[in-house]
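Undergrad: In case it helps, TrEMBL gives these features for our protein:
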- E89: active site, proton donor/acceptor (ACT_SITE)
- E165: active site, nucleophile (ACT_SITE)
- 1-240: domain 'Glycosyl hydrolase family 59 catalytic' (DOMAIN)
- 248-363: domain 'Glycosyl hydrolase family 59 central' (DOMAIN)
- 399-572: domain 'Glycosyl hydrolase family 59 C-terminal lectin' (DOMAIN)
Amino acid sequence: DGTEPSHMHYENDENYFRGYEWWLMKEAKKRNPKIKLIGLPWTFPAWVGKGENWPYDYPDVTAYYIVSWILGAKQYHDLDIDYIGIWNERAFSSKYIKLLRYTLDKHDLQQVRIIASDRLWEPISFVLLLDSELHGAVDVIGAHYPGTKTVPNALLTKKKLWSSEDYSTFNDEVGAGCWARILNQNYVNGNMTATIAWNLVASYYEELPFGRCGLMTAQEPWSGHYRVEAPIWITAHTTQFTQPGWSYLQVDGHLEGGGSFVALTDGLGNLTIIIETMTHNHSQCIRPPLPHFSVTPQRATFYLKGSFYMVETLQVWHSRLGFESGNSSLFQQLHPVKVQKGSFSLDLNTDEVYTLTTLKTGQKCGCPEPPPPHPFPSSYKDDFNIRNPPFSEAPNFADQTGVFEYFINGSDPGDHVFTLRQVVVQRPITWASDADQTISLIGNFQWVNITITCDIYIEKQRDGGVFIAGRVDNGGIYVRRTKGVFFWVFADGTYRVTGDLAGEEILMKGLSGVRDNMWHTLTLNIQGTSASGLLNGYPLWENVTISKPSNGWAAIGTRSFEFAQFDNFHVE
């Protein structure tokens, strides 16, 4: 779902104040100082691969890039990164992992642990068993979407096993059921002691891929509206009554009537038990496919032994996902359970979650109602004139390829001192299939009739070019197949109108007189099945017939990975 700015766009560039992650990490630490911070690259800037679409040809350069980020987190934000990954869902290199461990240690970062390989259990587990030096370098085996199962080799390594990416499911009640089931069963079935949800908060346009696949939804920054969805309260059943550093008790957590339980302790006498009875159809995650199983109402008796035999009462928190009935009850505190001679019984229905705990600290916040939802403003302007922006990027623009940053034009004394600039000038070492063009989306996907005006400045001579667009229909991992109405102008003085970002479906072309290193104003007007374009306020082309898409976002972007600037963006 789009791109994020690197701390090093170019080899000689370092900046630890770009993007939202620094802010997000600090906000997380404010809420829970014990929270763990993990870094994992999806993509690398092109210079790391010296022109090759591969991060391991120059492992010393890649390690330098990663360790710089860890050092910058500490130096500029006082953030301690706890774990670092290799390359999201792509190949790993044993040589690189060993060099990364060496480089971390050399910079006195022994406490930063390595997680590998954020893909499947194999081949990393097999390779760890064969290579003792690699075994010494890796602390955690992280697998993605393991379906609550692990493999024998992973267990043989004796490493910590994590589901280091999971969930990714629409955040309705089925999503909450998915999350409740895997939070328990990743340990019960697969011995995994951590489960990480992709993604934390759905704060991106909903019609992008994986819309609302976050634990909660906050996708209207212009209105301030947000929704604390059911998966948040499922999370609370575990996270309010445990902390990183607690240990799972090694008990068989399968319930006789279906469902599961886990038990954790802080080693200081506290005990937390989490029970889930999710049924198959109410707990399917987006992936992998879920084999059939059955869950029935049951009475379950728990026996506390050893030091827990002395526990007399347990606090009780309960959720019931209502589904068809529609009357869910989320994270309610019930009467404490009395433990008699080390045992207690519970009547469990289906699609329920219980937390039983010695801790008395649970809370369900009485938060103020968020502002009501509003569609994106139908008249929107940004002149990017901001001296000390809180973030490096303009609000509401969603970069899908490339990075668009606030820029100060030292050499321009005129109207264009403060602009928005596209700054990625080489195709990155990609994770998804990024476009060959850069593009940033904004607005309302439902928009049909639209006028977009923007001042543009082509920096690249000869073959540079920029566009403004409307009815743009796609982004994220599908950005290469994006359609819409694209109005392009090029440094060689030509223009084009195309029906796609790739520029293959040409609807109109001709001469414009646009030049590089000069400001021009583009206007794109789309009404019904017809579009027209203006240059510097004068008609350049008109009566171009538009068939589809019938609606979509507005967008700006460039012909290639090149510097270009935008100013006085206005959409009606």
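Placement of Cβ uses the backbone N, Cα and C atoms for every residue, glycine included.
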Undergrad: Given the active-site residues E89, E165, and counting only Cβ atoms in the protein chains shown, which has the most within 10 Å of its Cβ?
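TA: The most densely surrounded of these active-site residues is E165.
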Undergrad: Any idea what the Cα distance is from E165 (active site, nucleophile) over to the residue listed as 'active site, proton donor/acceptor', rounded to a whole Å?
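TA: One finds 10 Å between the Cα atoms of these residues.
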Undergrad: In the domain 'Glycosyl hydrolase family 59 central' (248-363), how many residues does DSSP put in helix, strand and coil?
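TA: Computed counts for the domain 'Glycosyl hydrolase family 59 central' (248-363) are 11 helix, 51 strand, 54 coil.
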